[in-house]
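Visitor: Annotations for this protein, taken from Swiss-Prot, read as follows:
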| type | residues | note |
| --- | --- | --- |
| BINDING | Lys98, Asp101, Asp103, Asp106, Asp107 | Ca(2+) binding site |
| DISULFID | Cys25-Cys139 | disulfide bond |
| DISULFID | Cys47-Cys130 | disulfide bond |
| DISULFID | Cys80-Cys96 | disulfide bond |
| DISULFID | Cys92-Cys110 | disulfide bond |
| DOMAIN | 20-142 | domain 'C-type lysozyme' |
| CARBOHYD | Asn64 | N-linked glycosylation site |
| CARBOHYD | Asn93 | N-linked glycosylation site |
| SIGNAL | 1-19 | signal peptide |
Amino acid sequence: MMSFVSLLLVGILFHATQAEQLTKCEVFRELKDLKGYGGVSLPEWVCTTFHTSGYDTQAIVQNNDSTEYGLFQINNKIWCKDDQNPHSSDICNISCDKFLDDDLTDDIMCVKKILDKVGINYWLAHKALCSEKLDQWLCEKL
């Protein structure tokens, strides 16, 4: 009985940790509200988020003086606030940990502000890896 409970717990924990790792098609569907916004296509977003966070909604990257959060790797120096950077400009008026859940609504709202202020080049992966040959980033299962 104890081994069954252990296996059940491992299964639940494994599933819970996998929940934030999205697939290409899930990202394609989730980001439909960004289609064409700022002149950026959905395949460009799918490519950019893959190279930025690996489709991981809980990705956190610590830099020397800042941290980037979530699927879009939104920075705490300018766009959101956290304990590490209490003097953030917080342009998106949001706590950075909100970018670590599976609800991408607030992430997308902030992404639109980033696009309006600085454009797609905020995401370095876009220009280097996601501005051409985008067929591989399409999802046929819509």
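These residue numbers are counts, starting from 1, taken along the chain as shown.
Glycine is no exception: its Cβ is also placed from the backbone N, Cα and C atoms.
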Visitor: Identify all same-chain residues not among Lys98, Asp101, Asp103, Asp106, Asp107 whose C-beta atom falls within 8 angstroms of the centroid of the Ca(2+) site's C-beta atoms; report them in sequence order.
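Guide: For the Ca(2+) site, the extra neighbours are Gly70, Phe99, Leu100, Asp102, Leu104, Thr105.
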Visitor: Give me the CA-CA distance between Asp103 (Ca(2+) binding site) and Cys110 (disulfide bond), in Å, as a whole number.
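Guide: About 13 Å separates the two Cα atoms.
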Visitor: Please list, in sequence order, the residues in the chain of Cys130 (disulfide bond) that are at least six apart in sequence and whose C-beta is under 8 Å away from its C-beta.
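Guide: Long-range Cβ contacts: Glu44, Cys47, Thr48, His51, Trp137.
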Visitor: Could you give the Cα-Cα distance between Asp101 (Ca(2+) binding site) and Cys25 (disulfide bond), in whole Å?
Guide: 18
Visitor: Which recorded positions (Cys25, Asn64, Cys80, Asn93) fall within 10 Å of Cys110 (disulfide bond) by Cα distance?
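Guide: Cys80, Asn93, listed in sequence order.
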Visitor: Between the binding-site residues Asp103, Asp106, whose Cβ has more other Cβ atoms within 10 Å than any of the rest?
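Guide: Counting Cβ neighbours within 10 Å, the top one is Asp106.
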Visitor: Could you count the residues of the domain 'C-type lysozyme' (20-142) that DSSP puts in helix, in strand and in coil?
Guide: 55 helix, 12 strand, 56 coil
Visitor: Return the count of C-beta atoms lying within 10 angstroms of the C-beta of Asn93 (N-linked glycosylation site), excluding that atom itself.
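Guide: For Asn93 (N-linked glycosylation site), the count of other Cβ atoms within 10 Å is 12.
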Visitor: Among the recorded positions Cys25, Asn64, Cys80, Cys139, which ones place their C-alpha within 10 angstroms of the C-alpha of Asp106 (Ca(2+) binding site)?
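Guide: Close recorded positions: none.
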Visitor: Within 10 angstroms of the C-beta of Cys25 (disulfide bond), what count of other C-beta atoms is obtained when all protein chains are considered?
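Guide: Excluding its own Cβ, the number within 10 Å is 14.
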Visitor: What residue among the binding-site residues Asp101, Asp107 has the most other CB atoms lying within 10 A of its CB?
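Guide: Result for the most crowded candidate: Asp107.
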